[in-house]
Amino acid sequence: MKFKILGLLLSAGLVLAACGNDDDDKQEKQMDKQQTSQTSTDKNDDMDKDNQNDTQSNDQQSSQMNNMTTDVKDIQTEPEKAIETAQKEFDGQVKNIEYKQDNGEWVYKIDLVNGQNEAEVKVSDKDNKVLTSEQETEDDMQEQKVVDLDSVVSYKDAIKTAQKEMKGDLKQWKLNHDNGKLVYEVELVDQNKESEVIIDAKTGKVKGMDH
């Protein structure tokens, strides 16, 4: 009789132990699921933060690029007027002229030459006033080619042609001699991508592109 009771007790103990093990297994599995779920949530949060940071970074870059571009209709001083202002500062012929942003302000940078003397004059687009003027003398001066705005297509037409070839807002334009040819170099920006279109200043035709 004692053996039977002992046997029953042992059986009951094994059943309880098995149940206890099952409960422990369930708890461990539940904890594993919670940890896995938490890990997945953390990864998703990290990915969301990365995507958010990337978006903010792209927005900042776009904003910076937009601040560096302008529209032709927003140019306040015509290049002929800027040249007149520069030539009052230094009596010389135009070697090249460039329109760009400098220290947050839109300016004309005009290089003038007179014999062995050269000058770089920056003129504000906003009020057509001289911002800076630097002069130097070259001892061994070769013959300099000069720019005559009356003999070339207008900068507006050059920019319009460039924007037909490449999509983008105006970053800067320059009129100078390149390999003996008088050309416009028009730089455009589209969604953080910069490109340059070279236009023959005499014919107004596209000579090349760089993007």
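Just so it is clear, glycine is given a Cβ too, placed from its N, Cα and C backbone atoms.
All TrEMBL annotations are machine predictions without curation.
According to TrEMBL, the features are:
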- 1-17: signal peptide (SIGNAL)
- 20-77: region 'Disordered' (REGION)
- 42-52: compositional bias 'Basic and acidic residues' (COMPBIAS)
- 53-69: compositional bias 'Low complexity' (COMPBIAS)
- 79-123: domain 'PepSY' (DOMAIN)
- 153-206: domain 'PepSY' (DOMAIN)
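Using DSSP to sort the residues of the domain 'PepSY' (153-206) gives these counts of helix, strand and coil: 11 helix, 29 strand, 14 coil. Beyond the ends of the domain 'PepSY' (79-123), by six or more residues, the same chain brings 68, 70, 129-139, 141, 144-149, 155, 171-177 to within a C-beta distance below 8 angstroms of the stretch. Mean per-residue pLDDT, taken over the domain 'PepSY' (153-206), amounts to 96. DSSP places the residues of the domain 'PepSY' (79-123) in helix, strand and coil in these numbers: 11 helix, 27 strand, 7 coil.
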